[in-house]
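Features reported for this protein in Swiss-Prot:
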BINDING   Cys93, Cys98, Cys101, Cys113  [2Fe-2S] cluster binding site
BINDING   Cys186, Cys189, Cys192, Cys253  [4Fe-4S] cluster binding site
BINDING   Cys196, Cys243, Cys249  [3Fe-4S] cluster binding site
BINDING   Trp201  ubiquinone binding site
DOMAIN    176-206  domain '4Fe-4S ferredoxin-type'
MOD_RES   Lys51  N6-acetyllysine
MOD_RES   Lys55  N6-acetyllysine
REGION    146-218  region 'Interaction with SDHAF1'
TRANSIT   1-28  transit peptide
Amino acid sequence: MAAVVALSLRRRLPATTLGGACLQASRGAQTAAATAPRIKKFAIYRWDPDKAGDKPHMQTYEVDLNKCGPMVLDALIKIKNEVDSTLTFRRSCREGICGSCAMNINGGNTLACTRRIDTNLNKVSKIYPLPHMYVIKDLVPDLSNFYAQYKSIEPYLKKKDESQEGKQQYLQSIEEREKLDGLYECILCACCSTSCPSYWWNGDKYLGPAVLMQAYRWMIDSRDDFTEERLAKLQDPFSLYRCHTIMNCTRTCPKGLNPGKAIAEIKKMMATYKEKKASV
């Protein structure tokens, strides 16, 4: 009996050894595959106004995706830290909250911190600053006009009787507060405004979707007393009425908001306001 057991063990040993060798080879192949470089190319808009004779051009960088985070901003930071420290762009929160890293990625305006890298290694990812804006350097647009327009709508609570300011709360019902959902979440990244053809051609007069959505946010706030005055400021032919419902703004918003709908609501409010004004 002992001889039979010994024979059985001897017969199994080669199979066991062979299985172990196969498993080890398989693990080795997986490790090799995991460590194989995954080189992704990024073509990035470059322009330095402080460099004499420099003209806007595209510069291509290569990044190993195995050594990079999943978002486009991760790749930009890696390029700046490890390849080219002169590359300039804005960024802050890295969580889709501040709006700093807004740029045009593969043809669409979005946030670099929330846009995942296209892992197709055969395609070059193209990155530009927000379109139709003056460029300060590389991927940094000049947002001075955008912020000035935002300031012009007085984006804060206004009361006609200020005697109670700081002495009591301005209460809202749940229903009144819910009217602000889909409006207050705007982070002023300018993705929507810079995707709007009407804003491209009339940016000096047309306020654009981002600013108009914020104007609407304060018009319908139950605590605000200046709705009619806010409407009166938009009566000219350009501030509001250059919107032609192209809806690029809604399609591109990285927060999933609907500026086009807000503008349509302002137009309806404006019609009622004008009727009321004419009847006086």
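Note that the numbers count up from 1, one per residue, in the order the chain is shown.
The backbone N, Cα and C atoms fix where each Cβ goes, glycine too.
Each of the binding-site residues Cys93, Cys113, Cys192, Cys196, Cys243 was assessed for Cβ neighbours inside 10 Å, and the highest tally belongs to Cys192. Least crowded of the binding-site residues (Cys101, Cys186), judged by neighbouring Cβ atoms within 10 Å of its own Cβ: Cys186. Residue counts for the domain '4Fe-4S ferredoxin-type' (176-206) under DSSP, helix first, then strand, then coil, are 12 helix, 0 strand, 19 coil. Looking only at the recorded positions Lys51, Cys93, Cys253, the one with its C-alpha closest to Cys196 ([3Fe-4S] cluster binding site) is Cys253. A Cβ within 8 Å of the Cβ centre of Cys93, Cys98, Cys101, Cys113, the residues given for [2Fe-2S] cluster, is found for these other residues of the same chain: Leu73, Arg91, Ser92, Arg94, Glu95, Gly96, Ile97, Gly99, Ser100, Leu111, Ala112. Candidate modified residues: Lys51, Lys55. Fewest other C-beta atoms within 10 angstroms, Lys55.
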